[in-house]
Amino acid sequence: MAFNDLLQQVGGVGRFQWIQLTLVVLPLILMASHNTLQNFTAAIPTHHCRPPANANLSKDGGLKAWLPRNKQGQPESCLRFTSQQWGSTSANGTEINSTGATEPCIDGWIYDNSTFPSTIVTEWDLVCTHRAFRQLGQSLYMVGVLLGAMVFGYLADRLGRRKILILNYLQTAVSGTCAAFAPNFPTYCTFRLLSGMSLASIAINCMTLNMEWMPIHTRACVGTLVGYVYSLGQFLLAAMAYAVPHWRHLQLLVSVPFFAFFIYSWFFIESARWYSSSGRLDLTLKALQKVARINGKQEEGAKLNIEVLKASLQKELTIGKGQASALELLRCPTLRHLFLCLTMLWFATSFAYYGLVMDLQGFGVSIYLIQVIFGAVDLPAKLVAFLVINSLGRRPAQMASLLLAGICILVNGVIPREQSIVRTSLAVLGKGCLAASFNCIFLYTGELYPTVIRQMGLGMGSTMARVGSIVSPLVSMTAELYPSIPLFIYGAVPVVASAATALLPETLGQPLPDTVLDLDNRRRRKPRRHQQEQQKQMVPLQASA
């Protein structure tokens, strides 16, 4: 009896699975909001220099007499005249002289608060010479995501999924709330980094805990559901940001609910599969019997005992007692093969995704509408991915999504910029394919790695995704050499990486591996089948001879 059979015995997909799935997935709605939160909390409104305190703004052009104009005729954002340009007023129809001596905005800035009444940019003047600090806040958040994927991925394999989730919910609630009350920018960045660490762990632990409690035939459905919940979070962020435009209030709105998630997470049931791979048969039995009671399978649960588990989970007890370390990903040939191939897939997906998202900023519409479009594109893309994953398999879905995304981006690089409709359509299609790739890679990675190192594998994959998201903005700087170079790079990387999928095994309908030996057996099974087929074909030939 395999572990999947034990799950079927205690109810399969019963009341417990639906309740815990819902409660574990619910926080992902706000996790999506946190990931793109600075699109709104760090928005840059129109601004210009504040005139000197003793300036006379009641005559001779008023404020306009202090503001030089750029080539488009708009006021400069970071410069002002050293003295008021007398006689260049708009009252008598003459244009303001833009040839006078200028200076930086030493008295601060005046912001247009019509769309964003308050952002971290307007509160701490993160414009002009301090503009780079705005990106620093998001970069540190991504650094936190990278660190969280590594640190908490390792701890989840050591301490369990449930304990780490409880800690992560509390950390997100506290750090997010503190960021809303941050008195200065360094403090804000510190709490954003801590939020990134915990949110990265919530993402990978959510997928793992749900997958380890679900029978084989439902895993693709769970992965797709998680992806749709994340897309729903993008819609929700647009609505919340529109209703609550003040950055401190918005930051608080997406953080406080994690206190509720922290409270109810104490009722989660730890993965019985993780217990068994850790050699804790007593806790495995207790968890399975508790699930059986919730699912109304008390009699089936009563049939389970230590002896039954020993017979059913013998390999987990004999081989899975020792926890694998992170070095095993490179030291063990089988795991090293998985790690290198999956690293390429994670990096390419995130690298191209964030490169394309930056290019989509040229829609020329409201930022709230752009946020909705980003979420809307994911819905049909993830539905198609689900159908392919469930019918053809994980490997074809992963390869096709990356390959098609790369082709869309490459074609976009050769289309003239004047054909905006065609370019936008290809960008939207490419973004949808990359969203489908993200959906597939989470499921595929969890199914490929054995239980003893599954969280570490997901954590390292998420780490490589974060590296891709950090490198992606640097590539956009090559546009100064030739405008289409970034698109060629963004498109080439997923096309090349898609080839790595051919080196990975298919997991459709396969039980989750618990140990490295399971992976080796899976790889040996195919050559043996091939040899058996050859032997069967040779028997008639020998008989006829």
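Each residue's number is its place along the chain shown, starting with 1.
Using N, Cα and C of the backbone, Cβ positions are placed for all residues, glycine too.
As annotated by TrEMBL, domain 'Major facilitator superfamily (MFS) profile' applies to 93-509. If you look up TrEMBL, you'll see 514-545 marked as region 'Disordered'. Positions annotated as transmembrane segment by TrEMBL: 139-157, 221-244, 250-269, 338-356, 368-389.
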Same-chain residues at least 6 beyond the ends of the transmembrane segment (338-356) whose Cβ lies under 8 Å from its Cβ atoms: 329-330, 398, 402, 405-406, 409, 427, 430-431, 434-435, 437-438, 441, 444-445, 448-449, 457, 460-462, 464-469, 471-473, 475-476, 486, 489-491, 493-494, 496-498, 500-501, 503-504, 519
Tertiary contacts of the transmembrane segment (368-389), as residues 6+ beyond its ends and Cβ separation under 8 Å: 36, 39, 220-221, 223-224, 227-228, 230-235, 237-238, 241-242, 357, 360-361, 396-397, 400-401, 428, 431-433, 435-437, 439-440, 443, 508
Stretch-averaged pLDDT - the domain 'Major facilitator superfamily (MFS) profile' (93-509): 82
